[in-house]
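**Student:** Below: one structure in structure tokens.
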Amino acid sequence: MVTIVLGAQFGDEGKGKITDLLSQSATLCCRAAGGHNAGHTIVHDNITYDFHILPSGLIAPDCVNLIGTGTVVHLPSFFKELDALKAKGLKDAHERIFISDRAQVCFDLHSVVDGLEEASLAGKKVGTTGKGIGPCYSDKAARRGVRIGEVLEEGVVEDNLRKLEAGYRARFGELNYDLEEEIGRFNEYRTKLQPYVVDQMTFLAKYRSSPSILVEGANALMLDIDHGTYPYVTSSCTGVGGAIQGLTLNPTSIRSIIGVVKAYSTRVGSGPFPTEQNNAIGEKMQTIGREFGVTTGRRRRCGWLDMVMCRYSNSINHYTSINLTKLDILDDFDEIKVAVAYKLDGKRLESFPALPGVLDKVEAEYVTFPGWKSTTMGITRWEDLPANAQRYIQFIEREMGGVPIKWIGTGPARTHMIEREV
């Protein structure tokens, strides 16, 4: 049976920790979409691991890992990340990671184009990670991309890469890019990559009867190409639909869909953010929460928890349970606010706006809670939480239509987690 872990907000919710926890009993852990633009940090046995393209199930010694068909794979990053895990003691990681032969190749050329496209937007930049994800997915949709399986065939990458480079040069002029160097590197990858490449359908068939398959979502619903705050989104489907499509999952095999919700809100890059706090409150969240992007190092914008957004996210992903993260970051706030509705020109909106221009103008309507002003760091039992923290959590559950908050993060370590019987 399949468990899917998905971000319910703008990403950076802390999906890696619950994935790490669940992967200890999983047979298989998979990435379904996205690329090395994702970033998960996991603290395990006092060692900090940063994951980007690799599934974080690699930390679990008995868990096999798959990078699925819906992803885009930057091979230099793949091998660099794998080497970093080995250096930190995961010596057998290379034996437990596989890539679908139908996944797309993300080239250095795509990163160059990403930067040029962002620059051309001037004051309306999307705020991408600059990793080339958007241009790679664009080439996939235009049917001119290169698949992982084609890297193993002599001459295929060179022919296609020369065509891609010529097309982008015709569009942008001379590029700050070494075509011959990248072609040469892929000639080396032709042999180096071979042990990792699999036919996803055949590979997954071996695990169909597995009691525990874990899907690790990347980014989050509000960055989904269809359902997010378009155009300030990533270029893949980040919700449950993307997981099913990217891994060819049987929908009837899905046992649970876990929505990961940070106890406050953050966003990296441009785009509307109705509950953003451009003030001392936002600065305090940023400082205490160490809100810097794992992938880019950029400062994350911070604000109050937005239940309008979370309800919208739930209506698309249909969460069966919630993992609330980073509760401890709110320990020292005198009062805590939660957005429960949007108003535009004094009138409550009935649905989540599709247009970014409307989202930029809405006024958030808040419910205010007294803070608990005591530490929750490291608490592992519900009954040990301060009463005001319990009320805050129960309110979120009600606002989510009764979806239970089963896990509550109270610190960075794997052990800093409350698991409730719900």
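Each residue, glycine too, has its Cβ placed from N, Cα and C.
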**Student:** Which of ASN219, ASN314 shares the IMP site with ASP12, GLU13, GLY14, LYS15, ASN37, ALA38, GLY39, HIS40, THR129, ARG143, THR234, ARG298 per Swiss-Prot?
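**Tutor:** Only hit among ASN219, ASN314 in Swiss-Prot's IMP site, alongside ASP12, GLU13, GLY14, LYS15, ASN37, ALA38, GLY39, HIS40, THR129, ARG143, THR234, ARG298: ASN219.
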**Student:** Per residue, counting other C-beta atoms within 10 angstroms of the C-beta, which of the binding-site residues THR41, THR129, ASN219 reaches the highest number?
**Tutor:** ASN219
**Student:** Tell me the coarse DSSP state (helix, strand, coil) of ARG299 (substrate binding site).
**Tutor:** strand
**Student:** Which of GLY11, GLY14, GLY39, GLY297 has the fewest nearby Cβ atoms, counting only those within 10 Å, among these binding-site residues?
**Tutor:** GLY297
**Student:** Cα-Cα separation of GLY11 (GTP binding site) and ASN219 (IMP binding site), in Å?
**Tutor:** 5
**Student:** By the count of other Cβ atoms within 10 Å, pick out the sparsest of the binding-site residues LYS17, ARG299.
**Tutor:** ARG299
